[in-house]
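For reference, the structure is listed below as structure tokens.
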Amino acid sequence: DGCGHTVLGPESGTLASINYPRTSPNSTVCEWEIRVKPGQRVQLKFGDFDIDDSDSCHSSYLRVHNGIGPNRTEIGKYCGFDFQMDGLITSKSNEVTVQFMSGIHTSGRGFLAAYSTTDKSDLITCLDNASHFSEPEFNKYCPAGCLIPFADISGTIPHGYRDSSSLCMAGVHAGVVSNALGGQINVVISKGIPYYEGSLANNVTSKVGPLSTSLFTFKTSGCYGTLGMESGVIPDSHITSSSILEWPNQTGHVNIWKPENARLKRMGPPWAAFISDEHQWLQIDLNKEKKITGIITTGSTLAEHYYYVSAYRILYSDDAQKWTVYREPGMDKDKIFQGNTELYQEVRNNFIPPIIARFFRINPLKWHQKIAMKVELLGCQFSIGRAPKITLPPPPQNKNDKKNADFMDDFIHSVKTSLQTDKTTFTPEIKNTTVTPSVTKDVALAAVLVPVLVMVFTTLILILVCAWHWRNRKKKTEGTYDLPYWDRAGWWKGMKQFLPTKSTEHEETPVRYSSSEISHLRPREVPTMLQTESAEYAQPLVGGMVGTLHQRSTFKPEEGKEASYADLDPYNSPIQEVYHAYAEPLPVTGPEYATPIIMDMSSHPSTPLGAPSISTFKAAGNQAPPLVGMCNKLLSRTDSASSAQALYDIPKGQPGLGSAGQLVYQVPQSVAHPTGSKDE
């Protein structure tokens with residue numbers, strides 16, 4: 001009379017003292033005989049142990065034996081308050097006897113223990129919860145029998161369970177493990193949520209829970225989708241029933257609660273049987289074999305018709321002729337599934353192992369007022385190969401043959417059962433949206449290669465663009481020396497051989513012209529601007545106006561730097577004593593090149609030093625500019641593009657006759673210019 005909660009499965013189980021977790025009564029005894037498959041051993045783990053040890057384990061104790069019966073041998077005798085059992089108790093054979101004795105005592109909760117075969121190294125008990133483990137993800141083995149009345153859980157799938165919930169009890173609720181068989185769970189810990197919903201599933205009621213720091217979910221590969229009742233994939237013609245409820249209302253309209261109304265979440269009335277007894281059924285044709293892992297049911301969902309089914313059986317078939325009642329492995333009784341407790345709530349039940357069939361039938365056993373329900377099936381496509389067809393012998397001809405035929409029928413039935421068991425004994429796959437799906441190797445490889453390829457192609461494009469820009473810039477640098485690239489400093493070096501050396505005693509600030517300022521002036525305003533500054537030399541004009549400086553020059557630009565329009569100041573170049581000629585000889589056969597400049601210095605010595613000079617720049621208004629020199633000699637300049645003649649002035653005075661500051665040179669005069677002076 002001392003036995004409490006007990007479930008002894010073929011590979012694992014749970015046992016507890018009477019009244020656990022409250023104090024057990026005095027003078028009680030209980031023995032549990034545990035057997036597993038031959039060749040295996042049993043391991044025992046205690047989740048809680050609290051037995052009075054006031055008399056040194058004399059009247060109250062827990063004793064574990066190897067074997068069963070009179071030949072058993074003792075492994076150990078245990079007692080104590082809050083006794084912490086180190087490790088596991090392991091047997092030497094496949095049989096173990098556990099004996100609990102309760103003497104005279106005033107306190108002590110008793111004990112709760114779990115057992116399994118020794119190959120389950122990660123065994124836990126029904127009392128373990130997520131807060132007992134620090135890993136973010138771990139695998140554990142839950143024993144059978146964790147549907148215990150003294151533990152509770154909060155939450156549901158797919159949102160997750162509160163961290164204070166029992167791991168194994170939540171696994172039963174989620175449909176990951178069976179209460180009758182136990183099984184492996186893969187737990188993932190994540191951040192908690194403010195509110196946990198409650199639901200009823202697999203005969204486990206989950207309560208509403210408050211905020212927690214963490215929660216846990218179960219990681220699975222997923223075979224938990226809907227099979228088409230709600231969505232309409234299953235046609236109306238594939239939903240049939242044993243009977244249909246019909247009755248006329250007050251207006252004379254006949255209400256028909258047809259089987260096709262039994263679609264979950266469909267508005268309107270459900271399916272209801274005309275007669276409420278245990279012989280009614282609702283049948284669904286899935287069109288081909290499917291892997292069915294669960295079912296969700298509700299009542300009528302109509303407040304004025306408080307109908308629902310509270311318990312039912314499940315039958316399945318391949319041909320809709322021969323039906324098999326669903327049973328859990330190792331059980332000799334039909335499994336009775338808990339249904340609804342009211343007409344609105346959705347109740348889920350899972351099939352462990354899953355059902356492989358085309359035809360699915362629900363047989364109500366208990367109901368409230370009338371049999372009425374809406375359903376949805378859960379599962380996925382069945383991808384495992386079908387069982388091989390068995391060739392039947394010819395019909396029996398006599399009585400002996402009939403006996404052989406009976407034996408053959410039994411044999412075929414056992415083969416089909418074993419084949420289906422082999423195909424469906426694995427744990428069902430529950431879809432869980434709170435867990436990130438596993439990334440395959442192909443996806444991981446693609447995630448690495450795509451950014452690398454993008455970077456490589458981007459680099460190649462940048463290299464090509466840079467090379468194209470560099471090539472264009474090089475072409476511009478090696479192009480013709482037009483106005484923006486004409487080096488006036490080089491031109492000045494070619495002309496300074498004809499000029500006197502400037503004295504270092506009277507240094508004056510040279511005239512500097514801004515190319516940006518000159519380019520914005522009108523031709524008539526250029527001389528005025530140049531005359532506003534004190535200039536030692538008048539700036540010569542080559543080929544006429546400033547705007548014609550883009551014509552080709554026979555003088556080599558200054559090496560070492562790139563010429564620009566802002567640097568076009570031949571009079572700012574330092575005077576060097578050693579002259580280097582930069583002018584290159586022109587070929588005789590090239591008519592497109594200009595003729596070198598020739599200056600006649602014959603009249604230079606006889607020119608008076610104080611005579612007024614003549615300027616080729618036009619003064620402001622219509623007046624002629626003042627003359628700077630008296631002696632002008634015309635020199636001709638021939639060009640392939642123009643035959644115009646240019647007048648060049650010669651320096652005043654003779655070298656050495658006056659100071660460097662008195663040597664004034666005239667700007668070349670063009671014959672075509674309206675203000676130029678003519679030779680008399």
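Residue positions begin at 1 at the first shown residue.
From the backbone N, Cα and C atoms, a Cβ is placed for every residue, glycine too.
Remember, TrEMBL labels are computer predictions, not curated facts.
If you check TrEMBL, you get these features:
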type	residues	note
DISULFID	C3-C30	disulfide bond
DOMAIN	3-118	domain 'CUB'
DOMAIN	120-216	domain 'LCCL'
DOMAIN	223-380	domain 'F5/8 type C'
TRANSMEM	443-468	transmembrane segment
Neighbour count, 10 Å Cβ-Cβ cut-off, for C3 (disulfide bond): what number do you get?
15
Near the Cβ of C30 (disulfide bond), how many other Cβ atoms are there if near means within 10 Å?
19
What is the pLDDT of the domain 'CUB' (3-118) when averaged and given as a whole number?
91
